[in-house]
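Asks: Quick one: structure below, then a few questions.
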């Protein structure tokens, strides 16, 4: 009986490895433009060729939302059909995630351009601080935006508003999200070759795992509103 239990656990582990790997590969395929940018232009040139880099990033938002959708299902059901679930998540969230992502990319471009202009003209540090703070806020709300999009049907304005409120009122969760990004970056620095095979799924799993209580709470609120 104990031996059977151990075999089952081993099989479960390899199932998770397979699911993580396949979903990450699908994410990479969708993100071929940015992969080509890194290969032929280089990450160090991203700021120099910022408009082109941001255009290459356009598929990333919908693809990452789909990965979040898959990881959320995996946590709920302990099972996953990686191809079917990934493309289903991509299909149902494509429009909203693409619009939100493009808005954030445009915002990044505007703020980055303003920062460069202000720095070049040696204007007041107040302007630098304002643009830098807005850029930071944009990055802080990103996890909330796509976690909410992967789980709920919300308007663009409502998603951004809710994400901003949550990023401020849930400081520990926001810090946890930042720590997750740093943790994945640390893994990439330690073993880039292995980490790249699972990078999107590991990050998404960590984000969804930390968001379980929040998502359950929001789910209850959503159900109560529907019953009113």
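Residue numbers in this text run from 1 along the chain shown.
Placed from the backbone N, Cα and C atoms, the Cβ positions cover glycine too.
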Asks: Looking at 72-91, 92-111, which one is transmembrane segment according to TrEMBL?
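Replies: In TrEMBL, residues 92-111 carry the label transmembrane segment.
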Asks: Please determine whether the transmembrane segment (49-71) and the transmembrane segment (123-147) are in contact (criterion: at least three Cβ-Cβ distances under 8 Å, sequence separation 6 or more).
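Replies: With 3 or more qualifying Cβ pairs, these stretches touch.
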Asks: Going through 123-147, 168-188, 194-215 one by one, which has the most CB pairs that fall under 8 Å from the transmembrane segment (16-43)?
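Replies: If we count Cβ pairs closer than 8 Å to the transmembrane segment (16-43), 194-215 scores highest.
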